[in-house]
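K.L.:
Would you mind keeping the following structure in view while I ask a few things?
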Amino acid sequence: MSATRHRALGGGVNHVLDYLRRMQAENPSFFYAIQGDNDHTGGSIFWADATSRMNYAYFGDTVIFDTTYRTNRYRVPFASFTGLNHHGQPVLFGCALILNDSEASFAWLFQTWLHAMSDRRPISITTDPDRLIQMTVTQVLPETRLRFNRWSIFKETQEKLAHIYQSQPTFEIEFKKCVNETETINEFESSWVSLLERYFVMDNEWLQSMYNARQQWVPAYMRDTFFGDFSITERNIGLNSFFEGFVNASTTIQMLIKQYEKAVASWHEKELKSDYDTINTSPALKTPSPMEKQAANLYTRRIFMKFQEELVETLANPATKIDDSGTVATYRVAKFGEEHKAHTVNFTSFEMKANCSCQMFEHSGIICRHILAVFRAKNVLTLPSQYVLKRWTRNAKIGDMQDEHATELPNNSRESLTDRYNTLRQEAIKYVEEGAKSIHIYNVAMDALQEALKKVSSAKNQSPVSAEDGALSNGRNQELHAAGDTETVACQSADEKEKKIRELTTELESINRRCEVYRANLLAVLRDMEEQKLKLSVKVQNARLNLR
């Protein structure tokens, strides 16, 4: 199968490999690996750039593995690992060309990806329902919660039960309602049995198979695990949102890299715009609550809007105490007129901790209206720190790379190339944010950058290369061994010293580009202000003339 697929792709695979070699030569933190024999006819290819690896350090708690090519008959077997950044936008964690759809190939891919991500395992992963992928996740990520994408299941159900969908138009609506709107396991079980009985499909093999796998796709079974969804029913979409509109069934191997770069640039630009909007504009507050003002200063704009929605809803969801043991108080929270949909909140005053039966915080990392209603009743004026996930804040990518859920990253030597790269990048982000606050500060920052660039360039003939610099951060020129006859081929350029300088220079150039974006946005704001002043001045003059 792999040889056939390789022949179909033609020389495009070599085009991809040339690109990967060139990118690694430019930046030693660029990782790529090849499975199988040296002529690359039987193995898959994986790569992740430095930004993807950094993003995973910040946002690797939940992952989406997209293999749309397998169901939509793509010309290129292109797969991707993605997640969600602090704005809730898709963020890339790595890409692959899967030239062999086998258990060994997927095992190699996941092990290689995990190695590139410093062996840091995610809390959860979402994939298409697929036996091979399920076996791989169980083998490589045994502690990670696996979820099948509901959109794929709904689509396949429509195909498998086409005769029912046509003869019983209401079945689809009730089927989705049974899955999406039941909040507890008991409620889902009852609704499922009722659905099957009403439409006389108790013995349908497909529905029985989906029921057997219910713990991997029905939301009622997933509420206790973090997936980053803003609501239980939100992620009812395809998995390829990062490359949607860039890579599709008609994309050829020759077009792939260009489309890949376009997608990366597009989402990077969107993230920059969201960063700018968060930092330089203030949201409209809807309550006098100090907690709302606190959240507006903590969260990114989109996350704050979701928090604000929950906070405002507390006005229509009063909390009623139904039990108090002295240590833990239990509240019943329900919307006016919807008492049958009440939720239970247990609150410990001493520790300022609360948990709700809706489990929204556990699932999304955003506190729910029910807990906020209890806080309101108890006069808790500010949001306790344990209910603010750093991954949703405007400072998500500043400071230590920590994850509130998963185990810590292995502590490598502070002197390693990767650590120096990460530290420089973090400091560069702080520099950009401070340097863009005004035109004056921007000009000072640009002058300092130019001076720093000169010093870095002059240092390359003076600074000795350490022993560790002689190894690549993408695996230190080691071969990875996955399963059986698979092996990883990692490439290393001749002059690590030059690479280090190029890496720093590239980072400085990237900062320059980001500064230019901020500068352009700032200038646009200033122009708008001047236009508004002019319009206001004209109105004042006209008003004075009218008074005369």
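Note that Cβ sites are derived from N, Cα and C of the backbone, with glycine treated the same way.
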K.L.:
Write down the single range among 229-281, 494-546 that appears in TrEMBL as coiled coil.
P.N.:
494-546
K.L.:
If I go by TrEMBL, the feature coiled coil sits on one of 22-70, 169-217, 414-462. Which?
P.N.:
414-462
K.L.:
Any residues 6+ beyond the ends of the domain 'SWIM-type' (343-379) with a Cβ under 8 Å from its own?
P.N.:
183-184, 222-232, 291, 303, 306-307, 310-311, 313-314, 317-319, 321, 327-334, 386-387, 389, 391-392, 404
K.L.:
How many of the residues that make up the domain 'SWIM-type' (343-379) does DSSP mark as helix, as strand and as coil?
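P.N.:
Summed over the domain 'SWIM-type' (343-379), the classes give 14 helix, 10 strand, 13 coil.
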